[in-house]
Amino acid sequence: MALIKGRYVIVYFSVLYLRYRAGIVTDEMLSMPKAPFLAVGLLEALGAATGMAAGAILSGASIPVLSQTFLVWQILLSIIFLGRRYKVNQLLGCCFVAIGVIITVASGSSAGHSLKEAGIFWSLLMIVSFLFQAADTVLKEVIFLDARQQLKGSSVDLFVVNSFGSAFQAIFICVLLPFLSKLWGIPFGQLPNYLKDGAACFLNVGTLSNGCDGAPLLPLLFVVVNMGFNISLLHLLKISSAVVSSLASTFSVPISVYVFTLPLPYLGVAASLPTGFVSGTIILVIGLLIYAWTPSVYPTSASPSPPNV
């Protein structure tokens, strides 16, 4: 994880440098206060650490169910810190999206039984992990909003936020390595050898070959696709809101579930679709449409409704 995050930092700052040379990123953007970026890095590191701790105990079927608290946290935090108000159709749409994801992923599985077996502590820890992640996205929205005032109407470049946020996250992850090594079941003294073996597997060199099929092409493709996905979501957050970005990302859930049913290389035996895949996907799409639907407003003597978010 630390190695991957280090690669992200190198790529992000390389792109940031090129955009600075091209005049897209200005000195004013780079001179913005770094405290918010430090907070972003801390929240991302805490979210990753707590998520990995809980994820090591919880089953794969239960995690997508608990992940729907991420949207709830985002709505609550945006109400508290951004003063945002949501219409009934928007809240209803969010509920439909969450229900659709749960049905799509957890249907036919023993998610409820798995949660009971894992215990309440690990479930709560995973929920706290999504609280950190939701706070991170809302804080990024605050950064974009404040930047418009600091830069006199201009907006801060995406790669300024991504680069400094990822750099601070990498620093905090390094600080948390003793804690993370316990989660991985690796003595802290053996961690350098573990990282060395991980780098060898990533590059597919040396005697390590078991479980490294497709390297380095597949890991590099993962990094490229994941970075593109994260940048796209951050751009959507910049032009809309954290909640809208989260809702859009949920549409990737049924797509990824379906992709794993295809006979693709390195995936082994293709999985079968969950029993509730179609119905869950339909409910998810209906939720997105309900959220995006803007009711007709007729002139009345009442005060105008707050703007749509």
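Every residue number used here counts from 1 along the chain in the order it is shown.
Cβ coordinates come from backbone N, Cα and C, glycine included.
The feature transmembrane segment is assigned by TrEMBL to 37-59 (among others).
Taken from TrEMBL, the feature transmembrane segment applies to 65-83 (among others).
Panel annotation: around the transmembrane segment (90-108), residues 61-62, 64-65, 67-68, 71-72, 75, 243, 247, 250, 253-254, 257, 274-277, 279-293, 308-309 of the same chain, lying at least six beyond its termini, place a Cβ under 8 Å from a Cβ of the stretch. Annotation source TrEMBL lists transmembrane segment at 90-108 (among others).
According to TrEMBL, the transmembrane segment annotation covers 120-139 (among others). With a threshold of 8 Å between CB atoms, the same-chain residues lying at least 6 positions outside the transmembrane segment (120-139) that come near it are 36, 39-40, 43-44, 46-47, 50-51, 53-55, 57-58, 62-63, 66-67, 69-71, 73-74, 77-78, 81-82, 237, 242, 245-246.
The transmembrane segment annotation in TrEMBL covers 159-180 (among others).
The annotation transmembrane segment is assigned in TrEMBL to 217-237 (among others). Listed as Cβ neighbours of the transmembrane segment (217-237) (distance under 8 Å, sequence separation of 6 or more from its ends, same chain) are residues 4, 7-8, 11-12, 137, 140-141, 144, 158, 161-162, 202, 244-245, 248-249, 252, 266.
If one looks beyond the transmembrane segment (242-260) by at least 6 residues along the same chain, the residues whose Cβ comes under 8 Å of a Cβ in the stretch are 64, 70-71, 74-75, 78, 93-94, 97, 100-101, 104-105, 134, 137-138, 140-141, 229, 233-234, 236, 267, 270-271, 273-274, 277, 280-281, 284-285, 287-288, 291, 309. Residues or ranges marked as transmembrane segment by TrEMBL: 242-260 (among others).
Residues of the same chain lying 6 or more positions beyond the ends of the transmembrane segment (266-293) and with a Cβ under 8 Å from any Cβ of it are 89-90, 92-109, 213-214, 218, 247-248, 250-251, 253-254, 257-258, 260. Residues or ranges marked as transmembrane segment by TrEMBL: 266-293 (among others).
Among residues of the same chain six or more beyond the transmembrane segment (65-83), those with a C-beta under 8 A of the stretch's C-beta atoms are 58, 91, 94, 97-98, 101-102, 105-106, 111, 115, 123, 126-127, 130-131, 133-135, 137-138, 141-142, 145, 241-243, 246-247, 250, 309. When Cβ-Cβ distances below 8 Å are used as the criterion, the transmembrane segment (37-59) is approached by residues 1, 66, 109-111, 114-115, 117-119, 122-123, 125-126, 128-130, 132-133, 135-136, 139-140, 143, 161, 164-173, 175-176, 179-180, 183 of the same chain, each at least six residues removed from its ends.
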